[in-house]
Amino acid sequence: MRTRVSDLLARPAVAHLARAQIRFSRRLGSHFAASIAYFTVLAMVPLLAFAFAVLSLILTRLLPDVFAGLKDLVVAALGVAGAGVRVAGIIDSSLRSSGSGWTVLITVLTALWTGVSWVGHLRSGIRAQWEPAFARVKDDDDGLLLRKGFDAVTFLALLVVLLVAFGTAQLGNALTSALGRRIGINLLPGHAVIIRIGALLVSSLASSIFFLFLYTALPRGRRNWRAISIGSAVAGICLPVVQTLAGLVVSALNANRTVQAFGSIIVVMLVFNVLARIALFVAAWIATADQPAVALRWHDADAPLLERGDAWTVKGHWDQALAERAALESADADGESGPGKAADDGPESGAPRTVSRARHRRG
């Protein structure tokens, strides 16, 4: 069994995946994902309030004709026994009150505050997986104002990227359906599956743009652009797949009245947690493309990096790791332990932040 595992770890792709899993688990990936999921839900409410306030401002101040037409449509659709007039009155009062300048200002400030907090936790989680060294409490080189300013700019940029990416996805989905009807795909057996696959491809492309921005803007230090491109594409494919599965789960829960009240909320929390785990695991995979799994420790999955001259490590990593490997091999020869086992299974301890390029070769 041990020989089979060693043979698998000798393959660079398998070793890379193993390094990513070790990095994710040893650097508290699940804990960071839970934090990101919580702050994502927390940021949703002010963001939705901000979107509603902006929509109200546009309809009541900039496009009053469209607003009047919308109310006429409501009256025409629900005109029985005066219900349409009452609903139109509720819409009118709600939009006019939420479209005031003070409401927009308050929602903007609240959304910015929660958004900056969300970006801060997202940045901490990705950097924890990204950098060669890790400590539970990391000293940040940036000042408080500079860090918050960076998070605010990143948050606004993320909103723009999200709007562009998912707006493109929705437009692509609509065009896919229209093109399918135009060329006659809707006449073929299983046409719904074909159109759905096309929509998923468009959504995956849009999601990949979002993750590409995420892995470019938030980490610090050097970047492996090939790994970033592949990781962004993989995460971009996972996002619409998770959304589709979540929709199926919600549909199944809605059939049961006993879980209908809380089912959707639970699914939303679960989806955010899964997406956060995916984002952090992909960050760990990108980082370990040219980094060992654990700083200053040896694992057999790090062996392929010994053949490379561009590995990104903390200072003195290979000296200490190779000494540990020699000790483990000696202990294994005496029947005390197996190779590849780290000294402990807890999170990484603090390590020097100075990094160097490995120039060691297998002796």
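Any Cβ shown, glycine's included, is placed from N, Cα and C.
Where the annotation comes from TrEMBL, it is an automatic prediction and has not been curated.
These features come from TrEMBL:
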type	residues	note
TRANSMEM	36-60	transmembrane segment
TRANSMEM	72-90	transmembrane segment
TRANSMEM	102-120	transmembrane segment
TRANSMEM	152-173	transmembrane segment
TRANSMEM	193-215	transmembrane segment
TRANSMEM	227-250	transmembrane segment
TRANSMEM	262-287	transmembrane segment
REGION	328-363	region 'Disordered'
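Counted over residue pairs separated by six or more positions, the transmembrane segment (193-215) shares fewer than 3 Cβ pairs under 8 angstroms with the transmembrane segment (102-120), which leaves the two as not touching. For the transmembrane segment (227-250), the residues of the chain that approach it from at least six positions outside its boundaries are 169, 200, 203-212, 214-216, 263-264, 267, 270-271, 274-275, 278-279, 282-283, 285-286, 289-290, judged by C-beta separation under 8 angstroms.
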